Structure formats: structure tokens, C-alpha cells
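All remarks here apply to the structure that follows.
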Amino acid sequence: MAETQTTAPSVIPKTAPQAEIGVIGGSGFYSFLDDVTEITVDTPYGAPSDSLFLGEVAGRRVAFLPRHGRKHHLPPHRINYRANLWALRSVGVRQVLGPCAVGGLRPEFGPGTLLVPDQIVDRTKARAQTYFDGEPLPDGGPRPNVVHLTFADPYCPQGRLAALKAARGRDWEPVDGGTLVVIEGPRFSTRAESRWHAAQGWSVVGMTGHPEAVLARELELCYTSLTLVTDLDAGTEAGDGVSHEEVMRVFASNVDRLRDVLFDAVAALPDPAERDCVCARAHEGRDLGIELP
Ligand SMILES: [Zn+2]
């Protein structure tokens, strides 16, 4: 992969607006941009997965964050999701696109399928999934209030429309809607687990979509998931089961067109100042006990 031209990392004040849109995905998405600036951002929850890589796409300022770190050293259960979303918001991001690799739970959702889910099921076991747990911030900051968020529709409706339109514009007919079930990992599902997921009517299975989506909502960020099917899950396929090598191979072979779709989706997102969606008013003005970054 091509080396990205970057400037030296620097810590910036969390209020300096540097980007409006965040993309949580690896170097395959930003290494082709002409001018990328690398910045490090600290948060009350510790460091995010990596530096933020700032660039411009279709006239919009975008912050790219490699979810697993640039060397892919963080497994899904060790990603600091709270730091990642906090860091993005602290540089000005208000809309987030979260592409991820998933397994298909139906035979018709084979490798190469692009599915934009509208629902999520949390089957993770040990992840911090709220900023509002009634404890002082980990860095000794103020104590957030206890908040129970409405989360009936976990994804941004405007973001989903932008993603669907972008995919169709690239002749990649997406599956519009479906349920992403998120497992703890890092292992893949057993056949029994996979058959159970499929029997529930769920569509695809992954390891990173939660708690990303709910943490974004807690920060009043628009969040849209774009799932790329890299394999049929163990209960759906007839072979030896899912392998990491297969997942990486299929993801790599689709990364170019997924990047095209992401960039077109960036261009199609509404102006953040004109956000008219549930995400932007998730807290409805309630007292949070902390200020969002
Ligand atoms: Zn939204």
C-alpha cells in the first residue's frame, strides 16, 4: 500500500474544529488523498485506536481513524470505542461513516454484498458502552449524569440515504436495511450460534458495530454503518467455517470500490449545520453533567 504523506503528530485543543465528517476505517480509505495531516488527540477515556488522519473529500473535511490501529494490532474487544468517538467529536466531527466487514447470515448475502443495516443486536459481553455511567470521567473530570437514551432506530436516516445513493451511483446495488448482530469475538461464531442468529431473521454478523453506534448517538453524532460481506457465516456455508485470511482477502479485493462509495456518501451527507435527524437532538437538551467535546 502506498505510503501516505503526513506531517508530524501534534496534540491539539479539543475544541479546534478540524473536520466535519468522520470515517472509521483503515489506510485503504485515506492513503490516496493528496494532502493528509496526521494529528494525535487525547481524550478523558485515553487514547483512540490511532492518530486521526485529516483530508478533504468532495470539499468536505474528513477525519479518518483506523479502527484497529494502522498496524491492525487491536482486536475488536480491545478497541477503545469511547475514546474513538470522543476524539472524532472533539475535532469537530458531527457525522460518522462506519464501514466494517461482516459475515452473511443468508445464502443470498454472499461475499461482496454491501448491506446498509437499519437495526442492530448487541451480543457483546465486556465493552464499555456508555459515557453516562454515573462515575467521574476516567481522567478525574466531572461526573456525567445517568442517562437512558432512546435508541429504537440506531442509525442516522440521512446517513443511510447518502450511503444507499452512493452505492447505487457506483452500480453496486446495496441491500437496504437489515439487522447487524455484533458478537464479542475475537473468535467467529459456532455453527449453532450462527444458525440461531440466522433463525432470528438477522442479516449479517460482525464484531465492531457495537458499541460504536450507541456511543455515537450518546455524543449526538450521526452514525451510519456500511457492512461489506466477506464470507458466509458458519451456519450458512457448507465448508470449514470462517477464516481470518478469507475475510482479509475479500475485504482487500473490495476496498477500492468501497472507498468510492464512502467518498460519494461523504459528498451526499447534508451540511452538519442543517442536520434534521434524531441523532442531532438525542439528548433533547437534558442536563448531562458534562459538556460534550
Ligand atoms: Zn443523523
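Using N, Cα and C of the backbone, Cβ positions are placed for all residues, glycine too.
TrEMBL labels come from automatic prediction, so no person has curated them.
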Which of THR150, THR179, THR190, THR208 belongs with SER27, ARG67, HIS68 in the phosphate site listed by TrEMBL: THR208
Largest tally of Cβ atoms lying within 10 Å of a Cβ, found at which of the recorded positions ARG67, HIS68, HIS244: ARG67
Candidates near ligand 1 among the recorded positions SER27, ARG67, SER189, MET207, judged by a Cβ under 6 angstroms: none
Chain-internal residues, separated by at least six, CB under 8 A from ASP233 (substrate binding site): GLY103, GLY104, LEU105, PHE188, SER189, SER194, HIS197, ALA198, VAL205, VAL242
